[in-house]
Amino acid sequence: MSREEQIKKLNQYLDNRELAFRAKDGDKNIFHTESQLDSSLKKNTAFMKRCKSSLTSENYDSFIKEIKTLSLKKFIPEITAAIVEGMMKCKATKDILSSVKIVWALNLRFSTAFTGPMLANLYCALYPNPGYSLCHESYFELKQNENEVSEKDRSSHLLKVRPLLRFLIEFWLNGVVGTPEDFVSYLPSTDSNDKKFRKPWFEEQNLKKPLVVLLFNDLMDTRFGFLLLPVLTSLVRTFSCELFTTEDFEDKETLELVNRLNPVVWRTYLRKSLNSYVDKLEVYCQKRKSLFEELNKQYQEQSIIRADPNNEKFQRLANFSKSIESEFSSYASLSEVLNRKASEDLLELNFMEKASSGTNSVFNASGERSESANVETAQVWDDREQYFFYEVFPNFNEGSIAEMKSSIYESSQEGIRSSSENNKKEDDLKDSTGDLNTTQVSSRVDNFLLKLPSMVSLELTNEMALEFYDLNTKASRNRLIKALCTIPRTSSFLVPYYVRLARILSQLSSEFSTSLVDHARHSFKRMIHRKAKHEYDTRLLIVRYISELTKFQLMPFHMVFECYKLCINEFTPFDLEVLALLLESCGRFLLRYPETKLQMQSFLEAIQKKKLASALASQDQLVLENALHFVNPPKRGIIVSKKKSLKEEFLYDLIQIRLKDDNVFPTLLLLRKFDWKDDYQILYNTIMEVWNIKYNSLNALARLLSALYKFHPEFCIHVIDDTLESLFSAVNNSDHVEKQKRLAQARFISELCVIHMLDVRAITNFLFHLLPLEKFESFLTMKASTLTNINNDMFRLRLIVVVLQTCGPSIIRSKTKKTMLTYLLAYQCYFLIQPEMPLDMLYEFEDVIGYVRPSMKVYMHYEEARNALTERLQAISDDWEEDDTRPVFQGANDGDISSNEESVYLPEDISDESETDEESSGLEESDLLDSEDEDIDNEMQLSRELDEEFERLTNESLLTRMHEKNPGFDVPLPLRASSLGSPYVTRNEESASESSHVMFTLLTKRGNKQRSQYLEIPSHSSLVRSTKNQQTEEIMERKRVKEMVLNFE
C-alpha cells in the first residue's frame, strides 16, 4: 500500500470513529434518514433475510438505501442476530469491508440499542465457551498417536475465526466498539450455578482494556501451540501500520495519525507481546525442523530397506513439510513487522523442497555439498573427472554469477591486451546487454533451446545454466522442462548433460528436479507394462534417465529401488534386459553409496537367488551375469604386469597379431633367423599361447608349425605333445573355467590334423576321450545316465563340435571311417541325453552331423539314437573274428600320441579294418601269426604299424606322385643260348644259390642295338641287399592288398 493510500485510510478511520462517538453520545443528526420511514412488514422482513444471506459488497448501496428508508426499529433484535449470521459467511476482504460500513451505518442510526446486542452475538459466535482460548484443544479433534491437529479441522476453524476477528478489529478502528464494557452487559449469564459456563467472560482489569489488545493476547496464547499462527500473521500484516508502528517511524505525518488512532502505550504493549510470541515461535520452528529431518530420514531408510515406498507415509511427510513451510513463512513475516533479524536456518526452505520432491542429497543454500557429504562420497566415483561432473556445481549467488560472467568475458577477450581496447569492448558488451534486454524473452528462449543438443561438455553445461539465469520465468521454465523431457531416442548420450543442467537450475526452482523425476518414473512404469513394444533405443534412453537422476541424487532412492523391484517381479527376458541396463548404469553407484550399500547388497543376493531358481536361457543368463559382475566384480589381487623383452614383444606382434594365411612364409623366414638355442623358451611360450591368436588365424599357425618341422622337428613335437597334454588334463579335471583357451587349443590340433601334421588316430582318441566312461556304460546297458555336472558336459560337447567342424571331413575319409560312423552315433546319444541344451548348441549339433557325414540321419530323440547305436555295436560284435566275448569299447594306450600315456576309448574295429590274414606269405607276418605265446600288446603294435604303412601308401596325394621320377621301362633281357647252357631263370637261380656272389644283368645300348652282359656282385653289398628287400616288400604288399580286397564287406 502506498503512503497516500495509507494516510487516506487512517483519516477515514479517524472520521468514522469521531462520528461513532457522537452517535454514542446521543447525537441524532449524524445519520440522515427519510422523513417518512417505511414500516412495511414485508420490506422489513426482507431486509432481515438479506442481512442473513446477502451481506456482500455488491449489495452495499441497496443496504444503505434501505437503512435510510425503512423503520427497522421494531426488528432490532432480529436484525442483530441476522447480521451476525451474515458476517460469519463473509470471506472476501471487500465483503468484510462492506459489511463493516453497513454495521457502522446502523450504529450511527440506532447507536447502543443495536451495537450492544450485535457485539454480544458476534463475541459469542467467536467464543462459544467464555473461559476457553481461541486455540483451545476442545475446538479440535486431536489424533490418537500424534499430538497434531488434522488439516481438515484446522482449516475449518481458521475459516471461521479469521473473518470474525477481522470484523472486531475493524469495528474497533471505526469506533463501533472500544472496550468490553460496551457489550458485556448483553452477554449471556455466566453464573456459577450454570453448568455450561463456569468462568466469567472478562476479568475486571480487562474491562477497561481495548478489545483489540484482548483479542491479540488471546491469539498469542501459546499454551496449546501455534494453531492460529496463520490468522495472527494475516492480521498483523493487515494492521501492521495501525497497531504495531514504532515511535521512530520515518513518516511523521503517518505517525501522527497513528498516534491519534492508537495510543503509543497499547502499540508498545502489542509489540512486546508479539516479540515474546516470535521468540517462542522460533524455538518451536527449530524443533519442527529437527522432527521433519528425522522423519524424512526414517522414511527414506525404511523405503530403501523394503524397496517398496509407503505412499501414505510420504504423503503425510509432504503435508508435514507444507505446514512447516507455512510456519516458517509466518515466522519471517512477523520478524519483518517487528524489524528483527530472522534465523538463517529457518529462512532456508530449499531442504523442504528437496525432501518433498525426494532429493537425497543435502545441500546448503548456495547449492554446495557439505563437508560430511563430501567425505562420504569420496570413494563413490572412479576418478576425479566423474566426481567433478556429478558432485561439483556452480552457485547461483550474486558473487559467483559475477565471477562466472567475468571469467567467460575474459576468455572471449583473451587476445586483447591494451586498456583502451578493453574499455571499448566493455562498452560494446553493455550496449549488447541493453539490446538483449529489449529483445522478447520468448525469442531468447527459442535460441537457448536450439543450443541444447550442442551441450556436450561440463563447461558448456555451466555456461548454459548461467545463460538461463537471466531467462528465469515461469513460462521459460516450463519450456525448458519440456525440452529436457523430450530427448530424441537416438541421443541418449545427451542425458547426463541435460540432468546436470536440471541439477544446477534446481537451485532456482525445484520444478526441474520434480518434473524430470516424475517423467522418468512414469515412462519406466509404462515401459515395464508394455514389455517388448518399446524399441531398444527407447529402453536405453529411459534407463539412462533413471540412472543419471540417481547419480545426481535428484531421484529418491526408494523410487530407484521400486524400479528395480518392478524388473524382478516377473523376471521375463524383457525385464532381465532392463534390469541389466539398470545395473550397468547405476548399480555400482548404489553399491558404493553409504546410504544404499546394505540395501543394494541384499538386492544383489535376491537377484542371484532368483536367477538360480529360474530356468533362464543361456543368453539371458550371460547378460545378467555380466551385469552383476560389472556392479560387484570379484576382489582380486594386484596384477603385476610382466615387462617383456624386445624379442618377446617382436614375437608377440609377429605371431599373435600379424600372422595370417598370406604371410606364413615371411613369418617362417623371420623365425629361422632366431637363435633357437638361446631363444627356445621364448619361442615355445609364444607359440603355446594359441588362445591369444585370432581364432581365424589358427590355420596359419598350424601351417607355420608344419613348415618349422623340417628345420626344428623336436620343437614342433614338443609343442604338439604339450598342447595335447593340456587338453587331456583339462578334460579329465573338468577344468572348464578357461574354456575359451581349451577351445582354441582344440581348434589348433584339429588344424594340425587337416594338414597331416598330426595323426588321425590322435584326434580319434581325443574325440573318444571327450565321451565319459559312465555315458558309454549307460549306452551299452540301455539305462539313463545320471547328470552330475551339466557345465562339464556342455564343455565336452563344445570341444567335440569344434573338432568335428574343423577336421571332421578329413577323419571320415581316412581309414577310421567305420570308427567315426560309430562315434557320430555315440555323440548323438551323448547330446540327446542332456536334459536341456541352448539353442545355439542345438543348431551346431544339427549342422555338424550334416557337415561331417551328410548321408547320416540326425536323430532328435534319445531313444532313436540309442537303438541305432545298439544295432551298430551288435553288427561290429558279430563280425569280430578274434574274440566274441571281447567288449566293443576298450581302453587303448595313447602313449604314441602324448607323453603322459593318457587313456582313451578306441573302438577295435580300427584294427579290424587293417588286420591281415593268417595265410600271408610275408615272413614277419607269418611268424607273428604262428607264435601263440607272444604277448597281445606286441600283436597290436605290429598291426598298428601295418595300418600306418598302408595309410601312407593309400593316402598319398596325386600331386606328390606327379613330382616322382618315372621308373625306366622294364624290358625282358635277351637270352644267348650259345653262351649259356641253361635258360635265364636257371642261371639266375644258380647265381642266387651261391652265397658269395649274386648275378646281375647289365643292359647297354650302342646305336640301335641292345647288348647285355652278366655281372657278379658280392652278396654283402648295399645294392644286393636293397634289391632283395624291395622285391620282398613288393611281394608282401601285393598279397596284403589282395587279401584285403577279398575280405572287404
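Glycine is no exception: its Cβ is also placed from the backbone N, Cα and C atoms.
Checking Tyr13, Tyr60, Tyr186, Tyr984 against Swiss-Prot, you find phosphotyrosine recorded for Tyr60. Secondary structure at Tyr60 (phosphotyrosine), taken from DSSP and collapsed to helix, strand or coil, is helix. When other Cβ atoms within 10 Å of the Cβ of Tyr60 (phosphotyrosine) are tallied across all protein chains shown, the result is 18. The average per-residue pLDDT of the prediction over the domain 'MIF4G 2' (446-634) is 88, rounded to a whole number.
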